[in-house]
Amino acid sequence: MSTITTDEKLQNGTTVAGDEAELAKMGYKQELNRDLSLVQNFGVSFSIISIITGVCSLFLYGLTTGGPVVMVWGWVVVSFFTMIVGLAMGEVCSAHPTSGGPYFWAAMLSEPRNAAFASWVCGWFNLLGQVAVTTGISFGCANFISTIATFNTNFVSTAKTNIGVYAGVLCAQGLINTFGVHLLKYINNISIWWHAVGTFAVIIAVLAAAPSHQSAKFVFTQFIDGTGVEQADGSIVGWSQRASKGYVVMIGILMAQYTLTGFDASAHMTEETHNAAMSGSLGIITAIGVSAVLGWLLILGLLFGMQDYDATVGSSTGQPVAQIFLDTVGEKGAIVLMVIVIGAMFMCGTFSVTSNSRMMYAFARDGGLPGHTFFHKVSNRSKTPVRTVWLACTLSFILGLPSLGSTVAFSAATSIATIGLYVSYAIPIFLRLYYRKKFVPGPFYLDKVLGKEGNESGILGEVMAGIAVAWILVISVVFILPQLNPVGRETLNYAIVAVGIVIAYSMGFWFLSARKWYEGPVKQIRAEEMGIDVSEPGLLEKLEAEGKCGLHRSFSLLDYYHCCYSLLLPLKMKTCPSDNTNEVDQSSFWDSDGINWDAHRIGWAISGGCALLTVLITIVSVSMHCRNYTKPMEQRQIIRILYMPPVYAIISFFSYRYFRSYTYYELVEVVYEAITLSAFMLLIIEYVASTSSDHSPEAALERKGKTKLPIPFCCWRFRPTKAYFMYTMKWLVMQYVIIRPLVSVVAIICQALNILCENEGLTHFEYAYPYIAIIDFISISVALYGLLMFYDLTKDELKGKRPLAKFLCIKLIVMFTFYQSFVFTALEGKYIHATKYWTETNIADGLNALTICIEMVFFALAMMWSYPSSPYKVEGKKTRVGKPLLDSINYADFVEEIAGSLKFFVDYARGKPGTHTPKRGKATFGEAFNVEGYGRTTSSNYNTSSDYNFRGGAGGNGNGNGNGNGNMRVYEYSQPSAGGGRRDKDWRDGDMDSINDQYGEDVHLTTFGPRGGTNGNGRGGGSPSLSAARVSDSSSASDNPLNPLNNSTAMTGRQYQQQQGGRRMH
């Protein structure tokens, strides 16, 4: 952000609005859009405080660290002191309303000789807290997403899967923040209502539906110490025994203090808020007050609605809140409430990234971050600091990695967030108190209640500041203390490590180097003294890039490193040349004159109407399949393919409306092409499998002989019966599902950084577009080659299925959208000319989007004809719509196919038996299960077929049926005369897939055993485990003592999979 002075503005005759004049007094030029109101400023802090996020994420911590009494009364105490901190901070924010927040206040409130040091230390603590709070919020969101994924499924949540989901959540939040404030404003409004209404919805639902309620004595007085970890001798000693109850109480308030954190977001958004000097302060106070009341009610509602403490704490879901939902409103109701919680967490995390990026932007603007010349840039398109958005996401992901090896990683992250943020709050509040005589209050002044004027010394403000600093000192010490006893590698509260690193870095680096060049919040008046016009956009950055970075008092080696570092970070990519004039670039559709206005309105109406018509046609097609959902493995893929026209139509409609974000929408749009191609491949495999008696595509391919590869590899031959053939075909197509989204994410980031430059074509390798286009071209070419290869091989089996029509519907959509975009681009300049309000590219993109919307109507009709529901119709009762729709958006089958192929190729590279066989034959029981004594030679004591049972897991402590562990246990069993006995062998999840693929009709399954119960004190409710029993010749399945079900129903593995809608046998 370049800087100016008020005098210079006045000398130039420039009229400065109130907010911009206040910012100018602090030495800065208005560059961020100032379009947020008081309510929206409050909403940002309210969303980041997010009582649903804080309470639900740390509810288990609260139940075991002090229990209900600490949760209830600790919340009241913490709310009281947090409000005092907020009042003290509000005074400071009103005096200095800038996006820098605490670190800027620290510089302004210090003596000039200490200003840079105070700003430096405060900035690094605030950065640590901002990153950690984003980690805590988004990681909690990922945990709840993993939890809901286990409902009535075989999905098993692990530390690695949680990290994967966590990365996806951060990417989604980063992408939202790249679109600028104009989108965040609407999400902000939704978030306010979502949190307020959602909180009451959770409270009312739990209390109204609960079969019974906990007593008031339990809720308000029950103390529980669950801080002990079982030791080698079996003993469990909590901190109340080793230290005292007071220790447990103090560390137990973490849930409340962590939740009531992040309200400085209102300060970080002041440069984008009207009447900032008052709105920022009121946003802080209001957010704390509303959150305190709603949070207390939420805690009471959950505690009163809890059915059983032990069952809730030991829930197989891993989340006590989820167990409370299950116990009160049932599984379907629990899913609804979990969606409310996850939605609140996601929006909370989104605004945490927003606030984090603004703080980093301000800190980088003043030279506090390594690579500051790169990170303090603002996107010309969205007027938001996109680069610091992705820096915030990256650092948050790194801070979440310790969860892979620590049981207290999440609570440690929340401790780091709380300490980091509150220390950064304490520094400016302490300086306001220490240098109280030089403090000049703003419009928000606490001593106004005592009748004092703004320029008088205020005793009330000083008292509040003193209490606030004292409280922050207490909690900063408490939250680095150990949380579990005994302390070990897995139970260490590594908050002290993170805080120690920040202290060591900020202090050490300050005295070694930073004190020589860091000035704190800078006023780049020196640039003007050197004859540089700071109002010229990008001039200072250009001079820095050329090595003329010495605008500070002393140009040190680190300054030179910063300049070079800022050039290396964007991979030496040049920024795109701009062909827009300021008038065109800054105008809007809504500012256009009559002719352009009418033309746009007509186009908007046509594109919107076509998109709506496409959606309606698709709804009819999809509903017909849903009501006749008789072959789930085929129809779930068909439904996914039918979604393609409406997805393209809707995205094209929005890209027409928000034409300056056209590239972003286009990059998201092509991701669904990858999904559609993969769905088509799996659909063909199912069609081929249906021609085999045991519904096996491998069996169908056994009829095929040695075949030539298609052009250009036609000189090579392959055998479809090779073990690796099917895995290779799947991987050739489904790699596109992985690569295309990754390419789109990279392209979106490059576009946000203004280095994509799609309009420059494929010959300019100084931009990012050629590299992205080449990778995408190779990936989709491989996918199409694999698809065509499999189609050519199996076209006889596909007769009567209209395979060519189905494939053309997909490819014509892709080809039309690609080539007509090329045509419109070619027409730019010759037949498409820029107007007063739109560039040539804007018009070409708009015409392309409008054309796509029209075309998708016809493609939706073509899809209805190519993918009819008539072959699946049955007489009698129709199937419900819900399950097919859920199946169509559940991409677990994609993950399984990709993982299965990768696993096979790893085994192939390792030379694992069965992967290099010349023909895919049926393995014996012993070869499949790797059981000693069994080979391909059938023993006279054993049958060649096997029976398998699904049954519930081991029982809990009470009457529950138990929670199955999701693993498979194989029992080798023989009659005493054979001298056998019994051996046990555990198999990991997923092994049954390969076994099922090899066995087909030889593997028989019995019906499901009962799902684990939750009655009594048992910790049931988990997914049933799979047990297998080997039966000798002289006994039957019903006689086998290992078989718990005598009335079993035999069916083939493929038949069972078909009956269960394609659900894998894990």
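Placed from the backbone N, Cα and C atoms, the Cβ positions cover glycine too.
Listed features, source TrEMBL:
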type	residues	note
COMPBIAS	953-965	compositional bias 'Gly residues'
COMPBIAS	981-991	compositional bias 'Basic and acidic residues'
COMPBIAS	1010-1023	compositional bias 'Gly residues'
COMPBIAS	1024-1066	compositional bias 'Low complexity'
REGION	953-1066	region 'Disordered'
TRANSMEM	42-63	transmembrane segment
TRANSMEM	70-89	transmembrane segment
TRANSMEM	127-151	transmembrane segment
TRANSMEM	163-184	transmembrane segment
TRANSMEM	246-263	transmembrane segment
TRANSMEM	283-304	transmembrane segment
TRANSMEM	389-409	transmembrane segment
TRANSMEM	416-435	transmembrane segment
TRANSMEM	459-480	transmembrane segment
TRANSMEM	492-512	transmembrane segment
TRANSMEM	638-658	transmembrane segment
TRANSMEM	847-867	transmembrane segment
Tertiary contacts of the transmembrane segment (416-435), as residues 6+ beyond its ends and Cβ separation under 8 Å: 85, 88-89, 91-92, 102-103, 105-106, 109-111, 118, 121-123, 125-133, 135-136, 254, 257-258, 261-262, 264, 399, 461-462, 465-466, 468-469, 472-473, 475-476, 479-480, 495, 498-499, 502
Closest-packing stretch to the transmembrane segment (283-304), where packing means Cβ pairs under 8 Å, from 127-151, 246-263, 492-512: 246-263
Residues of the parent chain within Cβ reach of the transmembrane segment (459-480), under 8 Å, 6 or more residues beyond its termini: 81, 84-85, 87-89, 91, 250-251, 253-254, 257, 415, 418-419, 422-423, 425-426, 429-430, 432-433, 436, 441, 445-447, 449-450, 493, 495-496, 499
Segment-segment contact (the transmembrane segment (127-151); the transmembrane segment (847-867)) at 3 or more Cβ pairs under 8 Å: no
Interface check, the transmembrane segment (638-658) with the transmembrane segment (847-867), three or more C-beta pairs under 8 A: yes
Same-chain residues near the transmembrane segment (70-89), Cβ under 8 Å, at least 6 residues beyond its ends: 62-63, 102, 219-220, 223, 248-249, 252-253, 255-257, 260, 263-264, 267, 284-285, 288-289, 292, 295-296, 299-300, 303, 422, 425, 428-429, 432, 446, 461, 464-465, 467-468, 471-472
Contacting positions for the transmembrane segment (246-263) when only residues 6+ beyond its ends and CB under 8 Å are counted: 45, 48-51, 53-55, 58-59, 61-62, 65-66, 70-71, 74-75, 77-79, 82, 86, 89, 129, 133, 136, 223, 225, 227, 238-240, 283-284, 287-288, 291-292, 295, 352, 355, 411, 414-415, 417-418, 421-422, 475, 478-479, 481, 483
